[in-house]
Amino acid sequence: MDQENQTMVTEFYFSDFPPFEKGSLLFFILLLFIYMFIIVGNFIIFLAVRLDVRLHNPMYNFISIFSFLEIWYTTVTIPKMLSNLVSEQKTITLVGCLLQMYFFHSLGVTEGLVLTVMAIDRYVAICNPLRYAVIMTPRLCIQLSSGSCIFGFLMLLPEIVWISTLPFCGPNQIHQLFCDFEPVLSLACTDTSMILVEDVIHAISILTSISVITLSYLRIITVILRIPSGESRRKAFSTCAAHVTIFLLFFGSVTLMYLRFSVTFPPLMDKAIALMFAVLAPFFNPIIYSLRNKDMKEAIEKMFCSQKMFSVSGN
């Protein structure tokens, strides 16, 4: 009988989504707009970098990879949120929940590593410009990009495999907007203290990335302040400002969510923080990289003008 109870739960219920008749349609329309903007905006950035030869350099290559990851990062969670806003069931299978956690966090870790690589790239470009082309070779860029992806997807695998072996015998209500480690593990009918080991590993990786990025930009700022030309100094600051903004949005919300240790937040604030790094940070990514970057704006305009000319000539 105990064994039956332990294998009873095969799906989870998202209990915190409002019923359809209580205004969830408004949230659905807003979230759908944000999701479409994220997909289209990041895809435009990715395409502009690939099509414009002027942007075929390490910095824009990493930006395009980050934008590509943002598309899949949001696709893992937002479509299910949209479904929960208009569906009466609001459920997800255990396998679906595990897959959502795995891909969401794997893509998140990969994005964090790409942001770290971007900071290192800017550090070399500004602090050691004469050797930049020698250091940041196309081969090294490929190695850094592929290494970030491989490490990001391998790091979470042991944790997900371990969670898949845990018994879930009820209750099955997830008090979060998507499947995440803490809400899911709280439903397990066994001791989950082993997760502390993984939590320490995650904390070390997050803090390492934050430290590398912070130290890189502190060094960059000191070098920029020594540039005699006001125009060159302004351009260097403008280039780094977009990266720093994305870094603060991404790692700020991640730190609040996963590095708070014993600090607990009210449920509403928990969900606000989750929305910040799962929805709002990806939403601002295309805005920041397209509006604050002259080369990117010109590449996007060129891409649309070329498409328009092609359509006219075709007619």
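Heads up, the Cβ atoms here are built off N, Cα and C, so glycines get one too.
Annotation comment: TrEMBL describes 41-289 as domain 'G-protein coupled receptors family 1 profile'.
Annotation comment: TrEMBL describes 25-48 (among others) as transmembrane segment. Panel annotation: around the transmembrane segment (25-48), residues 18, 55, 63-64, 67-68, 70-71, 74-75, 78-79, 81-82, 85-86, 279, 282-283, 285-287, 289-290, 296, 299-300, 302-303 of the same chain, lying at least six beyond its termini, place a Cβ under 8 Å from a Cβ of the stretch.
If you look up TrEMBL, you'll see 60-82 (among others) marked as transmembrane segment.
Packing against the transmembrane segment (102-120) from elsewhere in the chain are residues 59, 62-63, 65-66, 69-70, 72-73, 76-77, 144-145, 147-149, 151-153, 155-157, 160, 178-181, 205-206, 209, 212-213, 216-217, 243, 246-247, 250-251, 254, 277-278: each is 6 or more residues past its ends and has a CB under 8 Å from a CB in it. Per TrEMBL, transmembrane segment is recorded for 102-120 (among others).
The annotation transmembrane segment is assigned in TrEMBL to 140-163 (among others).
What TrEMBL lists as transmembrane segment is 200-225 (among others).
The transmembrane segment feature in TrEMBL is assigned to 237-260 (among others). Long-range Cβ contacts of the transmembrane segment (237-260) within its own chain (Cβ-Cβ under 8 Å, at least 6 residues beyond either end) map to 59, 66, 108, 111-112, 115, 118-119, 122, 126, 202-203, 206-207, 209-210, 213, 217, 220-221, 224, 273-274, 276-277, 280-281, 284-285, 288-289, 292-293.
Per TrEMBL, the feature transmembrane segment maps to 272-291 (among others).
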**Message:** How about long-range neighbours of the transmembrane segment (140-163): same chain, 6 or more residues beyond its ends, C-beta under 8 Å?
**Reply:** 58, 61-62, 65, 98, 101-102, 105-114, 117, 181, 184-185, 188, 194-195, 198, 201, 205
